Amino acid sequence: MILLTCRLWAEPDSSHRRTQLPPPAGSVILPDVPEQVRRRSRAFLHPHCCHLRHENAAEDQRSAPTSEMTDSMKTQLVSAIHLQQVEMQEKPTGNSQGNNADEKFTVEQAVETIGFGRFHVLLFVIMGSANIVEAMEIMLLAVVSPEIRCEWRLEDWQVALVSTMVFVGFMVCGVLAGYIADRYGRWKVVFGGYVWSAYFSLLTSFAPTYGWFIFLRSMVGCGVAGVSQGFVLKTEFIPAKYRAYLLPLGTIFWMTGSMLIILLGMLVVPTMGWRWMIRLSITPSIILIFLFKFIPESARYNVSAGKVDAAVKTLQRIARMNRASLPPGRLVEPALRERGSWRILFSPTFRRTSLLLWYSWFVASFAYYGSVLSSSELLEKNLLCVINADAEHQVKHRHESGLCYCIPFGSSDYQTLLISSLGEVALVPLNIVLLNVFGRRISLTVLQLLTALLFMMVNICTTMFGFTVLLFLLRSLVSMNFNVVYIYTAEVYPTIARSLGMGFCTSFSRIGGMIAPFIAQVLMSRSVIQALTPFAVACVICALGNFLLPIETRGRALLQNS
């Protein structure tokens, strides 16, 4: 190719015996010259090579000696200039290719580039279903309490101890699950939580005594602590601009779990008993054990653990499902040794955030389970101040010798619990607006102040319909509050301590869950207003403390390290 081009521009004109001028800059027709051809061309153009002079020897013999020398030198000069132009044009291309090879991207950039797609729909459905499992195990306590009270002749404090033991298991295993998730992966912890909670929940249905029942329920709480790490796994795959929309919608699954266990109680308990209700309630856990294989390990965890190849394969799989592509270049993030260290939570960057979040989680759980158990207790014992109460609600479930032990839920009680469970999702649009417009901190403050107000309004004398509406709104607010604190915690901590931070927070929340039964179920029997006041006061204090949170996470990328 070079020989042909050089001859085209260097061959003397037949009439004038002069060499034509080189082509203008930018008109080079050889954009890519292989190195092997380039070496041959340089040899061809070497001053000592007489290839061109011999090619037209017959014509050059008829020319004057001076003219022959001049034409040969011009031919070599023109060819050399032409080759230099080709080389100069190739250099930017070579540099560009080198730059592309040196381009790098992070997991955060990959997640944002891939965007939202079919993978996230699958993730939303499967990981959201983890909320169904957790909600069924927690709401089961409200449904089964009247039944075990009757079977084992339990006092109020013994019924409250059942809920407390569940939260003890959750608290102990919450920190442990967070540490294991940061050290060895989120997927293993969540999958193990499914298996563990399903197994011990099944054993609960065979409990021969009250002691065995509370022990097995504490083991169930330990498994639910592992399942709750699914929120971290889900959050780490969702792009920043979609988190405030998708994560609040997870409340739909929690509401579904609450309604399922209430429907099971309504249909199964009167005919087959509470033990068969528990056995049927583990069905979602068994289904999720098989579906969970479609969810990969967190790419953020993999890069923090030095497993870059595994992270790339996960991101490539997500990109294929979403019909998108990864950023150009290669995934480069350093492996982080200090994964799962509690020192990160107490570092100057996160110390104040951690302390305030622990109290926020305590209040979120305290208020949520306080509302759930209070409604159950008020309905079971007919402690409501109802203006137009029917004959059923006018009955005071007490004997002269003490409390009547066998007080099963009526159909109207189950219906009230179902309606209040719908409140879990009623204000989700408002929750999404608050998160996107005002951010996480202001949303927490507004929701907790409104929750305090609704707790005090439950004591107002009203109709049964009015009480249902109050309970509906209260469940909406406490659910939204729990949702926001979940989102904020998953966003504020870095990948190397995100699961551990979530584990500490959920453990503190279970302290609130441990205390709530003794107020909502024991103190409620003595005074409704005294039982509701602690919930309202705790919410007001927490609302004021939220102003001291130093970090706002709205629209912020998830941190990889501190």
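Glycine residues also receive a Cβ, built from the backbone N, Cα and C atoms like all the rest.
Features as listed in TrEMBL:
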- 121-145: transmembrane segment (TRANSMEM)
- 123-554: domain 'Major facilitator superfamily (MFS) profile' (DOMAIN)
- 157-180: transmembrane segment (TRANSMEM)
- 187-206: transmembrane segment (TRANSMEM)
- 245-270: transmembrane segment (TRANSMEM)
- 276-295: transmembrane segment (TRANSMEM)
- 355-374: transmembrane segment (TRANSMEM)
- 417-438: transmembrane segment (TRANSMEM)
- 450-474: transmembrane segment (TRANSMEM)
- 528-549: transmembrane segment (TRANSMEM)
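The transmembrane segment (417-438) shares the most Cβ pairs under 8 Å with 245-270, out of the stretches 245-270, 276-295, 450-474. Segment contact holds for the transmembrane segment (187-206) and the transmembrane segment (276-295), given three or more CB pairs below 8 angstroms at sequence separation of 6 or more.
Across all of the domain 'Major facilitator superfamily (MFS) profile' (123-554), the predicted model scores a mean pLDDT of 85.
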